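Visitor: OK, TrEMBL features for this one:
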- B:12-31: transmembrane segment (TRANSMEM)
- B:43-59: transmembrane segment (TRANSMEM)
- B:90-112: transmembrane segment (TRANSMEM)
- B:119-142: transmembrane segment (TRANSMEM)
- B:162-181: transmembrane segment (TRANSMEM)
- B:188-204: transmembrane segment (TRANSMEM)
- B:210-233: transmembrane segment (TRANSMEM)
- B:245-278: transmembrane segment (TRANSMEM)
- B:290-308: transmembrane segment (TRANSMEM)
Amino acid sequence: MNATADIIKPHAVLPDAQPLLTLKGVTKTFPGVRALHNVSLSLYPGQVTALIGENGAGKSTLVKTMTGIYQPDGGEIAVDGKVVALNGAHDAFAQGITAIHQETVLFDDLSVAENIFLGHAPRTGLGLIDWRTMRAKSRAVLNGMGAGHIGPDDRLKDLGIANKHLVAVARALSIDARIVILDEPTAALSAKEIEDLMMLIEHLRAEGKAILFISHKFDEIYRIADRYTVFRDGEMVGEGMLAGTPQNDIVRMMVGRAVDQIFPVRDSQPGDVVLSVKGLSHPTEFDDISFDLRKGEILGFYGLVGAGRSEVMQAIFGTTQTSAGTMTLDGKAVAPKSAAEAIESGVVYVPEERGKQGVIIGMPIFKNVSLPSLRKTSKNGVLQLAEEFSLARQYTQRLDLRAASLSQDVGTLSGGNQQKVVIAKWLATSPKVIILDEPTKGIDIGSKAAVHGFMAELVAQGLSVIMVSSELPEIMGMSDRVVVMREGRVAAVLDNKDLSAETLVRTAAGIAA
Amino acid sequence: MNALLKNREIWLVGAIAVLIAVIATRFPGFAAPRNLSTVFNDTSILMILALGQMVVILTRSIDLSMASNLAFTGMVVAMINAAYPGFPIPLLILVAIGVGLILGAINGFLVWRIGIPPIVVTLGTLTIYRGATFVISGGAWVNADKMSPDFIGLQRMQLLGLPVLSWFAIATIVLFFVMMTRTALGRSLYAIGVNPTASVYAGIDVGRTKFFAFCISGAIAGLAGYLWISRYVIASVEVANGYELNIIAACVIGGISIAGGIGSVGGAVLGALFLGIISSALPVVNISPFWQMAISGTAILLAVVLNARGERKQGRIILKKAEAAAA
Amino acid sequence: MSAIGTTRQIPDRLDNPLRSLVFSWEALLVAVAVAIFIVNSLASPYFLDVWSLSDLTFNFTEKGLIALAMALLIISGEIDLSVAAIIALASTLMGMAAVAGVGTPGLVLIGVGVGIACGAFNGFLVTGLGLPSIVVTIGTMSLFRGIAFIILGDQAYNSYPASFAFFGQGYVWWVISFELVLFLVAAVIYGFVLHKTSFGRRVFSIGNNPIASHFTGVRVARTKFILFCLTGLMAGIASVLITSRLGSTRPSIAQGYELEVITMVVLGGVSILGGAGSILGVVLAALIMGMVTFGLGLLNVPGIVMSIFIGLLLILVIALPILWKRLSRRRIA
C-alpha cells in the first residue's frame, strides 16, 4: 500500500507564478503598541520566503494575523487573489494556511494522532470521530516525512522535543496546506534534526507549497530560502531575491544601521579559584561534573540544547538536588538545599525561562529588585520603602534600564529590560558568582550589547561569571574558558586560545576530528 | 501490562472489588447481584451528577452550583407537578433539563463573556440559586401527597430487571462516553484543559467551549433535580444542601485532575460508585452512618495523593545509562 | 536632583497617589458600605440604634476573623475550604473537654490548638506532598467534620462553664463586644503583616509567581505552610467565639461558613487567582456583608433570601469593574 499517496500531491512549479498569498497594508495595534504598520507581503508557490527581523519587529504578530489568531485592524489578506477574512484558526485552515509555531503548541496529554488531527478529525457517517481512519492517516503522514518511529498512539508527553516538533510538522501537513509558515522551527533542535527539517522543507517546496520561514540564523536562511522580507518595528523595510544579496545588507535593513556584533574587549586576568565543583552527579540528568571557576573569569558552558547544562546550574543554585559530588566556594564546602541557601552563600542564577523563573510579573520593578534583599532593606521585618526605591534605582540605573517609573509593572517591559531587572535584583545581593543561563536569548540587539558590556564590567570588578549559551559567537566572544557538555557529562574544558567554532561544535556533538 | 497498571480505571475497579470482597467476607449477601444492582441504583444520581461536573473540571473550571441548581429545578418540577398533575412526565423531564441548562448557561455566560473566574461565579450562584428556590416556593415544601403517582413512579418502574432510575444512569453514561470520545465537542473539552493556548491555535474557541461545559453541567443538574425529587419524594429548599462537595469528591476519587485535561467517563462513574458502595455498606457492617463523612474525606485525600503520584511528571532523562535503566 | 552620569533618573512612581486612592477598590467598597448604611437606616427605624449596631457586628466578626487569614492564603495562591469543618472539630473537642471538667483557659487552649493542628495538617498535605489545596481541603473538610459527626452523632454538648460565655457574649466596654475588639485588633495585625512587612511582601510575590519567587530565594513552601497554620489558628479562635456565643456544639455547627468567608475575601478585592488584595478591603467587605444580612433581618427578610443578595453582590462587584473597563476602552477607541 502506498501510504503517502494521499498526502503528496505534485504541483507544477511555475518560475514566475502568481503569489498564493498576499498581505496589503495590514495594520495591527494593541493598546499602546503598534505591532504591525501597513505591512505588505507576498508568498509564492514553490518558493521559500525568509522573514527576517529583530525580536519585537512584529514577526510573531504577523504569524498570528496570517493564521487567524489575531484579526488585523486594517488592510487585507488575499489568497489566490481573493480577499479573505480570517476570524480564527479555522478560517486559516480552510484557506490552506498552517503554521508551525515557535513554541510547540501541542497537547501533552493527548495522543500523537489526536495532536495531528484535533480540529479536523475524520468523521464516520454518523458524524462521530473516526479513530481508526485518524490513526491510519497519522501513520501515513508520519511515514511520509520519515518519522515512522513515532506511533499514532504514543502520548505526546513521552516524546522528546525534536519528535514533538515533527508532530507539529505532521499536523501542518495533515491539513493539506498550501501555505506553510515556520516560526523559528530550529530553535530547539540539534544539528542533525535541523538537517532533517531542511530536507523536509525542500520536499514541501518541491510540492509547490508557499513557505514562510522565520529564523535568526543566517546560515539556515541562505541554505533554504529563495526570497527574503525584512521587518523592522512592525514595518516591512525590504524584500527581494536572496541570491546575490549580501548578509550585511540584510543586517543593515534589520537594525536600520550597519552593525557587526562586537563583543567588549577585555583584559582578563583570572585570579584564584572561587567556585570548585567536583564530581557533581544527578541520578538521571548529569554525571561527574567537575570544573573550577576563578575570580574575575567568564566561564562559558556550551553544548547542544538538552546536554544538561541548565540542570547543572540549577544544582549549583540549590534548586535541583544532587546524588553525589562536592562544591567549595572560597575554599569552604557548600551544599545548598535551596535557592535561599545558595543566595546566602553568594551564588545567584539568571534563569533561561525569564517569564517563568526570573521576573515576577504583576509586581512593580522596585519590588522585583528588592525581593532577594528584603532583609537588607527592611528593619526587623518591617519594610522601608525608601530603602527599596534607592536600592532599585541604584542597580537599574547601572544597567541602563528603560522604564517610565520604578513602580511600573515589570510585565510591561520588553524582554531585554526584564532581563536587566533580573540582573539588577541579583547585583543588589552583592554576589560572588553569577550564573547566566542563555542571558541574551530572545532579547533585542541593543539590550544584548548592554548585557555583554555589563558582564565585562562585572568580571573587571572581580565577580565571577558562568555563562550558559547556545550561541557560538557569544560563547567565543565572551568566555575566558569554555566547558563543553555532551549528554550530561563534561566533554572538554577548552581555553579561549584553542577556541574555534569547529572544535566547539565537534566536541558538543561528539564527532571526532 | 505497564500501560494497564498506569490506567486509573483499572486501579479503581480493583479498589472497588477489594472493598466489596472485604465486606462480603463477613456479609456474603452484600456481593449478591441483587444487592449490587440496588447499590448501583442508589448511586445513579451521584454518577449522573459526577459526569456533569467532570466536563466542567476537564476545562480547568469548577461548578459549585450544581446542588443548588438541582434544588431549584427539583422545586420547579415538583411545583408544576403539584399544580398540573396531568402534565406529561417526559415533558416535565425536558423542562427540568431545560431549566437546569438555563441556570448552567448563566454560569457559563459569566465565565465566558464577563471573564469572572468559575469558582467565584459558581460560589455566587450557589447561594443565589438556593435562595431562588426559597423565593419560588415561599419556603414551603412539596410533599409526596402533592405529587402525582406517575411523577413518583416512573423511576421505580422495572425495565429488563433494573429500575428506570438505573437506566437513566446507564443512558447518561453511554451518552457521555460517546460525547467524550467521539465528538468534536468532547475532544475540545479535553484539549482546552490540556493546553488552552494550543487550543486557540487548533481553532477551538476556548471561552465558548467552557460555556458549553457549564450548559452541560447545568442540564445534568436539572435532570438530577427531577430524579432526586421523585426519588426522595420531597422538594424543599434544603434538598441536596452541600451535595456539591460529594459530586466533586466522586470526580476526585475517579481520578479527574482538578488542573484540567485529565479524566474519563469511567473514572467519574467509578468514583461515584466507590462513594455509593461505602454509604450502602456502612449500615450492613453495622457502622454508624455518622462515619460516612470522615470515610469519604479520607478516600478523597488518599485518591488525591495517589493521583498526584501518577501524574508526577518525569523529567527529561539526559544520561544514557539512566535512560537504559528506566526503559 | 541631577541625573547621575549619562543615565537618566527613573522616577519612583508616576501615578498620583490620591487619584489611585479615589479609584481604588476600597473606595468603591466604602461607597457601597455607605449606601447600604443609608438604605438600611431609611428602611428600618430600628437600625440607627447603638445596640442594633452593636448586634450587627456579631454578623461578621467570627467569619471576618477567618477571612483575614484566608485573604493572605488566597493572595499566596492557595485556598482553604475546610475552615468551617475546623470550627466544628475544635468545638466538638472543646465540648468533650468541657464535659470532662476542663476549665475555661483549657478550653480556649484546646480550641486554638485544634485549629492550628488542623491548619498544619492541611499545610503539610499541600506544601509537603505538593497536592492542590482546593482538593486537599475539600477532603479535610469532610474528614474534620466527619470526625465531629463520629464523636457527636446526633447529640450535642452544652455543658460549658459560665465564664466561657464571655468570649462570644461579653462586652469590653458599653456596646463594644469582645468579638468586635478582637476582630479589629486582628485586622490591624494582619494589615500590618501583609502590607508593611517583608513576610507580607513575600506572600504577594508567591501569589504572583511561585516559581520565580522560589528562584529568588523565597521559601515558598514554608511561607504557605505558615499561612495554612494561621488560617487554622483563626478558625480555632472563631470556634471558641461561636461555641461561647451559642453555648452548645452540634457537628453541623458553622455549616457553609467556608463559602461566606471566601465570598468576603473576594468581595474585599482579593484576587482569587492570587497575587493581589488588601486587608482594608476584606474588613470593608466583612462590614458590608454584616450590614446586608442585618438590615434585611430587620426587615424580616429570611436568611436564605439574604444569601441571594450576598451572591449577587459578589458577582456584581466583580463584574461591574470589568464591564466598566471594557466600556471605557471602547469609548476611547
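Cβ atoms are placed via backbone N, Cα and C, with glycine included.
Remember, TrEMBL labels are computer predictions, not curated facts.
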Visitor: Counting Cβ pairs closer than 8 Å, which of B:43-59, B:90-112, B:119-142, B:210-233 has the most of them with the transmembrane segment (B:188-204)?
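Guide: Going through each listed stretch, the top one turns out to be B:43-59.
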Visitor: Cβ pairs under 8 Å with the transmembrane segment (B:290-308): which stretch of B:12-31, B:119-142, B:162-181, B:210-233, B:245-278 has the most?
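Guide: The listed stretch sharing the most Cβ pairs with the transmembrane segment (B:290-308) is B:245-278.
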Visitor: For the transmembrane segment (B:162-181), what are the same-chain contacts with Cβ under 8 Å, counting residues 6+ beyond its ends?
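Guide: Apart from its flanks, the transmembrane segment (B:162-181) reaches 37, 40-41, 43-45, 47-48, 51, 55, 154-156, 187, 189-190, 220, 223, 227, 231, 264-265, 269.
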Visitor: I need to check the long-range neighbours of the transmembrane segment (B:119-142): which residues 6 or more away from its ends have a CB within less than 8 Å of a CB in the stretch?
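Guide: Sequence-remote neighbours of the transmembrane segment (B:119-142) are 62-65, 67-69, 71-72, 75-76, 78-79, 81-82, 103, 106-107, 110-111, 229, 234-237, 239, 241, 244.
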Visitor: Cβ under 8 Å, sequence separation of at least 6 from the ends of the transmembrane segment (B:245-278): give me the contacting residues as numbers and ranges.
Guide: 8-9, 12-13, 15-16, 19-20, 39-40, 42-43, 46-47, 49-54, 57-62, 66-67, 173, 176-177, 180-181, 190-195, 292, 295-296, 299-300, 303-304, 307, 310-311
Visitor: Let me check one thing: do the transmembrane segment (B:210-233) and the transmembrane segment (B:43-59) come into contact, meaning three or more Cβ pairs under 8 Å with sequence separation of at least 6?
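Guide: Since 3 or more Cβ pairs under 8 Å link them, the transmembrane segment (B:210-233) and the transmembrane segment (B:43-59) do come into contact.
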Visitor: Please indicate, using numbers and ranges, the residues of the same chain that are 6 or more beyond the transmembrane segment (B:43-59) and have a C-beta under 8 Å from a C-beta there.
Guide: 66, 70, 118, 165-166, 168-169, 172-173, 176, 180, 189-190, 192-193, 209-210, 213-214, 216-221, 223-224, 227-228, 231, 243, 246-248, 250-251, 254, 256-258, 260-263, 265, 267-269, 271-273, 275-277
